Amino acid sequence: MATTQTLTPSMKRERRASLRRNVFYLVLIAIGLVAPFVAYPVFLMKVLCFALFACAFNLLLGYAGLLSFGHAAFLATGGYVTGYLLASYPALTPELGMLIGTAAAVVLGAIFGALSIRRQGIYFAMVTLALAQLVFFFYIQAPFTGGEDGLHGVPRGHLLGIVDLRSNLAMYYFVFAVFLFGFALIQRTVHSPFGQVLKAIRENEPRAVSLGYNVDAYKLVAFILSAGLAGLAGSTKTVVFQLASLTDAHWHMSGEVILMTLLGGVGTLFGPVVGAGLVVSLQHLLAQSPLGNWVGPILGVIFVICVLSFRSGIVGEAMKMYRKNFK
Amino acid sequence: MTQEFILETRGLTKQFRGFTAVDDVNLQVREGHIHALIGPNGAGKTTVFNLLTKFLPPTRGEILYRDKPITGMKANEIARMGLVRSFQISAVFAHMTALENVRVALQRPIGTSFHFWKSERTLEHLNERAIELLDEVGLRDYADVLTMEMPYGRKRALEVATTLAMNPTLMLLDEPTQGMGAEDVDRIVELIRRVAKGRTVLMVEHNLSVVSRLCDRITVLARGAVLAEGDYETVSADPQVREAYMGSEAAIEEARA
């Protein structure tokens, strides 16, 4: 063999597939660039923020096999910290505010992770839920969050002190760039040496231990990454909507992100994006229709149908069908 | 007597809520031996095994590896020292190819396993070594196959290849032939004999014919305590062992024949 590296046929196939995937990504990016001229930018930004949130959650559930029931805490922390800083210090540029908000979520993620990562299955979910509730009650009481009223009038400011984000179009492209960054980071993480170990741990944890891996440390890193990206989603959302509220910290939000991820397809890269798009669109459409009060039950029914009839979610099922028919 | 024993236990005891599963076990595994741990059901073999591999903490007693106490160490730490275990149910990574299975074991020492920002293609220089290891257990043609699609016997062989990737000095095998057909058993016995060269093996095994063919030394456990120890001839002639194995005495005769 001419090369120094040995590649098996499946790896060569994988290389060709990755070329096709890159073309697919380019098409999607093009769609994303044109989208604000077709649809309402604020709506698109909401979809992108929740898509990033769901992707962050999926990194943990889909690739590390950990079901967190407390991810609202990270979304809210990113949002509140960024919102408070930008509202109080007008000199601060939005990207710095978002950076600090994300950093706060990373720190919170490290604390949550350190306390919960040794627990398995349902106990892990319970510990994360309890911690997130603690954070929720803290935000109700804390003076800087505006309690039940929320934090209003966060200025969008000028990106890097130059680009005026008051324009929805400029804001949209910034949000799109943030989303792409988050998505690319997750994609890379999944297909990295770290991702390989994570996969091994998910497949057979005792075996990974017997190969010398300190599995808790790997899970903790995945948890912190996920928390940080959820915080980034929250920070971005706060800048877009110029407010941070208790809705983001409520356990409903932790549930909603599970719903989005499962609906779209857990453990697939695009599943959470599709799931978030679907849930946000439905909420948006139903809120305007006479069925406005029925958003919850309707989403519930869709969720039940989804879980019962196509378990791997929309993207998961589509991929299965593709493999069956085209390979 | 230093260095004579690679693994030693002193007064190893494990109690579960008052029930003594392992009672004052003194085990000595000689360097280079294939050592078997046998005994009737419920004798505590698997518990001893889990204590040795640190998957369970002992209630009392000491475990020494090359005369160094390892009692307080973690499971992943002793694996790095070269004490690598296998599992009763084949322990493979089902949604990964055979090659990737072995590569996971090879990648830890290169120190990039926490690097989530690097491409997994940075691991491709390990492929050659992984294929060599697969070749060693007769799985070269399976390199590209998803492990879940492999037959059971092949999965067990893959497990051996993955274990070998750790370059173990002491292999701890938990019932390596469990659930196998006769043909697969023969293949695994040959494989163990081959890979045991230059290494020490401690195995829990039910199949006495496997034990008689393979092992240099045997420890018999009954009710959590050591009942007898010696080579196969000594142990199988021991009246106490025969009594403990009552009902399966036929099995002993059969294995001898």
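Note that Cβ sites are derived from N, Cα and C of the backbone, with glycine treated the same way.
TrEMBL entries are annotated by machine, without manual review.
If you look at the transmembrane segment (A:23-43), the same-chain residues 6 or more away from its ends with a CB under 8 A from one of its CBs are 168-169, 171-173, 176, 180, 240, 280, 284. Annotation source TrEMBL lists transmembrane segment at A:23-43 (among others).
Positions annotated as transmembrane segment by TrEMBL: A:50-76 (among others).
Here the transmembrane segment (A:96-115) has Cβ contacts under 8 Å with residues 70, 73-74, 77-83, 85-86, 127-128, 131-132, 135, 157, 178, 219-220, 223-224, 226-228, 230-232, 234-236, 238-239 of the same chain, all six or more residues outside its ends. Residues annotated as transmembrane segment in TrEMBL: A:96-115 (among others).
If you look up TrEMBL, you'll see A:122-142 (among others) marked as transmembrane segment. Within the chain carrying the transmembrane segment (A:122-142), a Cβ under 8 angstroms from the stretch's Cβ atoms is held by residues 66-73, 76-77, 80, 108, 112, 115-116, 148, 246, 249-251, 254, all 6 or more beyond its ends.
With a cut-off of 8 Å between Cβ atoms, the residues of this chain six or more beyond the transmembrane segment (A:169-186) that come close are 29, 32-33, 36, 41, 44-45, 48-49, 51-52, 55-56, 58-59, 98, 156, 159, 163, 225, 229, 232-233, 236, 239-240, 269, 273. As annotated by TrEMBL, transmembrane segment applies to A:169-186 (among others).
Per TrEMBL, the feature transmembrane segment maps to A:257-282 (among others). Proximity of distant same-chain residues to the transmembrane segment (A:257-282), defined by a Cβ-Cβ separation under 8 Å and at least 6 residues beyond the stretch ends, is recorded for 43, 46-47, 50-51, 53-55, 57-58, 61-63, 67, 69, 71-72, 75, 183, 186-187, 190, 295, 298-299, 302-303, 306-307, 312-319.
The feature transmembrane segment is assigned by TrEMBL to A:294-314 (among others). With a cut-off of 8 Å between Cβ atoms, the residues of this chain six or more beyond the transmembrane segment (A:294-314) that come close are 259, 261-266, 268, 271, 274-275, 278-279, 282-283, 286-287, 320.
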